[in-house]
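Here is what TrEMBL says about this protein:
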- 217-244: coiled coil (COILED)
- 63-82: compositional bias 'Basic and acidic residues' (COMPBIAS)
- 158-249: domain 'Enkurin' (DOMAIN)
- 60-97: region 'Disordered' (REGION)
Amino acid sequence: MLSEESIYNLIPQNIEKRHKPPRYISQFKNQLWLEQQPNKTKMKTMGPMKVVIPSPKTYLRKHSQEPRLPEKKSFEYPDGHRLPPIPQRKNCPAIPKHDTKNFIKQNVMRARSAKTTQLPPIAVDTVRGNCQLLENSGLLPKFLKKKEYGKVPSYILQKKAQITREEEANRLMAKDQPQKHTERLSSEDRDHILQGLKQNRDKLYQQFILLPLIIETISQKNRKSTLEQELSRLEKDIMLIETNPVIYIKRD
């Protein structure tokens, strides 16, 4: 535009030169170069700049690269001690005689005298061949062969002896006590009291069953605990009367 003829070119213009800012150079340049220098190797990819050409006089000669053996020397023992000479034929030790033992016959006798291993008897209880030990299947009457079969168990004898001792102690106590202070409860009264206790227990049990499943209020909780206490007390009284056929009551 400035080279063409124009009225704008009549007045010379001052063209400002743009100064280029200095190029950025890191302050760690030298440090980075020192860190990378040990990892670099000279002439690693392209090789040396000038290759040394071998001289034509130093050509490869025959057998030049074969290993050279040291000079031959006479053998000498390091400690100066030699092994004893090989014994002669007449000085050889006597060979032991061959054993005439018949191993085949010995194995046959051992096999005949060995005991056979008896497998435990089994019982097949399904069509598909499911089997189990016959002893644990319940088909063998092994309980009939026990020493205790047909005898009264020891715990029953102990219970009978305990009941006998209690009856004897109650009889002696009733005999020693004066008749004016105690009175024996008759069987009719005992049955009547026992029947009344059981009726009361049934009534309380019906009330306990009618309680709601979810107990939230304090009154419901108190009602439940009261019923439980009454039922436990009645159970103890019924058990006491049933286990003691002879009962004495105190006179007024």
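Keep in mind that glycine also has a Cβ here, set from the backbone N, Cα and C atoms.
According to DSSP, the region 'Disordered' (60-97) comprises 3 helix, 0 strand, 35 coil. Shown for the domain 'Enkurin' (158-249): DSSP residue counts in helix, strand and coil, namely 68 helix, 5 strand, 19 coil. Each residue in the coiled coil (217-244) has a pLDDT score, and their mean in this model is 90.
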